[in-house]
Each structure stands twice: as structure tokens, then as C-alpha cells.
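Written out below as C-alpha cells is the structure these notes cover.
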Amino acid sequence: MSKPFKLNSAFKPSGDQPEAIRRLEEGLEDGLAHQTLLGVTGSGKTFTIANVIADLQRPTMVLAPNKTLAAQLYGEMKEFFPENAVEYFVSYYDYYQPEAYVPSSDTFIEKDASVNEHIEQMRLSATKAMLERRDVVVVASVSAIYGLGDPDLYLKMMLHLTVGMIIDQRAILRRLAELQYARNDQAFQRGTFRVRGEVIDIFPAESDDIALRVELFDEEVERLSLFDPLTGQIVSTIPRFTIYPKTHYVTPRERIVQAMEEIKEELAARRKVLLENNKLLEEQRLTQRTQFDLEMMNELGYCSGIENYSRFLSGRGPGEPPPTLFDYLPADGLLVVDESHVTIPQIGGMYRGDRARKETLVEYGFRLPSALDNRPLKFEEFEALAPQTIYVSATPGNYELEKSGGDVVDQVVRPTGLLDPIIEVRPVATQVDDLLSEIRQRAAINERVLVTTLTKRMAEDLTEYLEEHGERVRYLHSDIDTVERMEIIRDLRLGEFDVLVGINLLREGLDMPEVSLVAILDADKEGFLRSERSLIQTIGRAARNVNGKAILYGDKITPSMAKAIGETERRREKQQKYNEEHGITPQGLNKKVVDILALGQNIAKTKAKGRGKSRPIVEPDNVPMDMSPKALQQKIHELEGLMMQHAQNLEFEEAAQIRDQLHLLRELFIAAS
């Protein structure tokens, strides 16, 4: 049920925020297709966007460049809009190996994937909210430009139930099977249903805590009620309910039959081409694989790798863009591209990499040519589909500036009064010894240091040198996976070590108020890692500390250094002037280390409270906040097994308590991974 957006915040817009909000809203109301918000680190860009959403009351999609930042934004938006639908849409693969063929070694690699069920449920919840409500904010990663089920077919497949409706039990069960729900009278879990006499219990695929009970009298729906799937306790009775398919890729039977005929036609044409070119092995391989898939589709309605036939299943022509999350966003929706200088190039690069891999599969007879149309959006298709857009970045790229016509909305003043770091340029000759002395000063007063180098070798050597001199130092590099990277950053904030050395990873979105010094070695080596944008982003990591300082080691000042220093000075002067006019004393940010990770804690508690007031709610003290993501995943699996065991033994009180703890652990796990 849609409600108006209601912003929940103890703060009012201040600094540059009111002017930025006014200009963005005016631009949107005047029909501007592209606007850029240049917001410095710590200026409250997310709060500004939340105010724009609340004032204009428009459904919004926020694109983030990676899962880490998406989780951070999801948590912040949840806090700003607790009464509205804030959803999370990222890739649901914990592990994904696409099918590929390496001709040089004649090696075929089968597709292998591990799906995270909780994120799959959140994706289904996101599309349901976009179809049903207007008060929706979906925080998505670049996963949003990949093919998703056709929204028209998805809507056609929905099962609407209303009290008083004439429908027999078999018809309901048949429709549930078409929606890919499985009957399971023993273990009642997401995406299943069970039958007891004239009562059908259905656990919706997009829900994690509420199930539907359908009570029939002869061939009439007598009662619909929502209940807690663990305790069986009725939460409410309702007049109607819509059951959505278990997956985005569900297709009506008649469409599958039609698609199979089209696949057979393409197979015949492709076989002819391969035989004419004397490719007998490829022809045999393609025929065998495709006919097996056709048999599976005929018997079960789906097959492994069915996404490779998505063009036929959605009725598209060759080369047409696939349906994506953008097709679920209303025409008057709003798109916010966070860290746009990274996100926009990412979107542009997805199509070509995917295409190169699939062309090899088609050439060697592993797939039909139509598999090339199972792909992410091309950049020009993304541009055509995108609604009115706000690009958000501290260092907007040329694309965003060009699209906005050079009219940039500035948000340089921080409400906290924090100034941009003081920048010093020092000679390269003594950079390592000078850095060691600076590190010791910072470590003595419990502050942290980030050091960025140009090469992996130099980062390793520097780490070794600092360790030999007794400093607590860690090295962050590209071989470290996302989960471990989060752990290292958390340990730095907790004071497990004082110095973090990296190359190109200490940039966008890293929120570390404890860092008071950023050292950039070889800053005068002009190039990608020492461009104006890279320097500003790296310097910005010290902008959340009241003693923030950046040291650029270089023997000359390059054009990029001059621009970065000039821009930082401009922002610093503007902030200083604002502080003097309003009598503000800069204050450091005391952000708890668990804030980002515990993004769903309060929501989980609220959900639990509504279900059974007599039950004790699991307190945060009982949830191990400092667990690593790998340990969290193991703990979740253990608790799920224990919860089901309690439920089967009819020990509902114990099962419910474990379920409440699982809510917190799952939210922690999403943020951490």
C-alpha cells in the first residue's frame, strides 16, 4: 500500500544543502534530463537526495558502483524512510562462473553459481514494491542493467486471490506450480506451499517473515489470512492478496511452446551454416545441447541456462535490448547515480566483455546465435531508458559535466564545519623517512594513516620497511576479496593497526573518520593513478577528521596536482567563510564502527515486535557484531537448521527467538558482503 514519502531525521538541511535541494528540485520540475551534484566528502549528499525524494514524492532508483556502497546507501535510506519501501537490488550470486570456452586448450567451462537466497528474496521484494507502490527507493548496483524477466509477462503470471472468489483447489495448485512454487508438506519455506484439507498455506517468494493461508469452502475462497510461518500465529485477515512468481524468469506455457518452435527454426538454420562450413563437430554439439534443452523445456517449463533463450521467451527481435530493472521503474521515476565518475564508465564496459565470451560459445557450437541477446544493456540503451537523472560525485566525470551542460550544483559546505585537509607538497628524496616520522606522530595520538603508492611492488616494500621499524601496518591490494577488504578497513577503524598501504583502493566511499593523514607517494608522476580526480578522491579520505592533512610527495607540481590543490583550497576557503559567518567550530565525526554493518538492526527488531508481544526480542548484545562475514554465513546456516528443528518439534517460542536473531545476522551479512 503506497504512502507519501516521510523523511525521518533529527537534522534540518544546513550549509549548502538548502540551496542544493532547491536547485535540484527546480531542475527536475523544469524537466531537465541531467543534473550533477558536486558534493564533497562529508557534506551530506545522501541527506540532500533524501530531501529531494521526500519533497517531489517520486519513485527513485539509486545506482551505486559496488555492493559495499550499495549496502551503505541502503542502510542510510532505511533510516531516512523507515515507513516507506526502501529496497535492495544487487547480484544474488555469492559465487558466479559463467560458461566459457577456451579454444587454445579445447576447454569448456560449465556455468557454476551459488545463489544467496536472502538477496534473491530482496530482489523479488524490490520488483514487487516497484509494481505496487509509488513510495519506493531501490538501491541497486550495476546488476540493474542485466537482463531480468519481462515485466509484462511477470504481471500476467500473477495469481490474484480475493475473499468470495470462485476457484477450486486444483486450479490454485496448478497456478502455483506455473509460478514455480513447489509443494512441500514437511518443510515450509520460501517459495513453497502445503495443503491440509481445504486449507492451502503459501510462503511468498518475496517475503521472509509472513505467509498466506487460503481457506476454501467447496469452490469458494472463504478466508485469507497472513500468519507467522514459524509459530502459525495469525497476524491479520485480509480481503485480497496477490501472489507473485517465484522467479523473475517465469514464462506462461503458451509463450514457452511458441519459443520452442522459434528455437527449432534457428537451430535448423544454424546447422545448415555449420555444415556448409564443414564444422561437423560444432554442428553435432549444438544439436545435442539444444535438443536436450528443448526436451527439458517441454517437460518442466524451464531448463538449465534458459536465460540463453530469453530473446524468444520475451518475444524480442534480434538485437533488441533485454528487459531490465529499468523497465519496472515508472515513467516519472528518478535515477540517482552515486559516485558517477566510477559508475558511468562501469555501465559502459559491461556489454563488450559479455559479448566477447559469448561470441566464442556461438562460434564453436555451444550456443545458438540468439544467446548473444542475453546480455547487459549497451551504454546508448541505458541512456535511452534512464529517466531524469542526478549524478552525484565529489569529482564528476566529463560525461556528467557535458550532459548537465556545465551547470553543476555545488555542495561544498559541510554542516559539521569540517574543513578540507591541509595540503603540503614535500620532496620525493626523503619521502619514506619523512612518512615514518609523520606516522609515529599520528599513532601516538591514536589517529590513523592511509598511504597510497604507484605500484604493487612499492606497496609491498613500504609495508615491509614500516613493519621492520615497529609500525603496525597492513597492505590492501586487488587480490584481497571484498569481504576481507571490509574486515581490514574495520580493523583499521578499531585501532588493530595504524597504517593502511594501498594503490588504487583507498578512494570512493570509504568512510573512516579516524584517518587524519593521507600520504600520496610519487604524486608528481602524471597518469591515471595521479589524475586530478584520483588525487581529489584520495585527499578526501582525510576530510572527515578535524586534524585532516594530506601530504603529496613530488619534486614538481604537475597540472593534475595544481588542479587538485586549487579545488581543495577553494572548498576549504568556502567552508572557512561559512564557519566564521555562522560561528561554527569544526567537529570531528564520531561514527560507530558497526553503524554501516548493522544497517537493518532496528528494522528487524520492529518487525519482530509486531508479531508476538509476549515473546522476548533478541537484544543486540546477543548478536556478535564483530564477527567476520564468513563466520556470519556459517552462523546463519547453523541457526537456520536449529530454527527448523525447533519448529518441527513444535517449540515455537525458541524457534521465534532464533528467527529474530537471524534477522539481525542476515542484515549484517548483506552489508559485509
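Cβ coordinates are placed from backbone N, Cα and C, and glycine is handled just like the others.
Because the structure is a prediction, the values reported are computed rather than measured.
From the options 44-67, 92-115, 116-139, 212-235, the stretch Swiss-Prot describes as motif 'Beta-hairpin' is 92-115. Checked against Swiss-Prot, the range among 288-307, 348-367, 468-487, 608-627 recorded as region 'Disordered' is 608-627. The least crowded of the binding-site residues G39, G42, G44, judged by other CB atoms within 10 A of its own CB, is G42. A Cβ within 8 Å of the Cβ centre of G39, V40, T41, G42, S43, G44, K45, T46, the residues given for ATP, is found for these other residues of the same chain: T48, A394, Q411, R414. In the structure shown, across all protein chains, S43 is the one of the binding-site residues T41, S43, T46 with the greatest number of other Cβ atoms within 10 Å. Taking Cβ-Cβ distances under 8 Å and a sequence separation of 6 or more, the neighbours of K45 (ATP binding site) in its chain are L37, G39, D338, V392, Q411. On the 0 to 100 pLDDT scale, the domain 'UVR' (633-668) averages 80 in this prediction. Same-chain residues at least 6 positions away in sequence with a Cβ under 8 Å from that of V40 (ATP binding site) are, in sequence order, A394, Q411, V412, R414, D420, G540, A543, R571.
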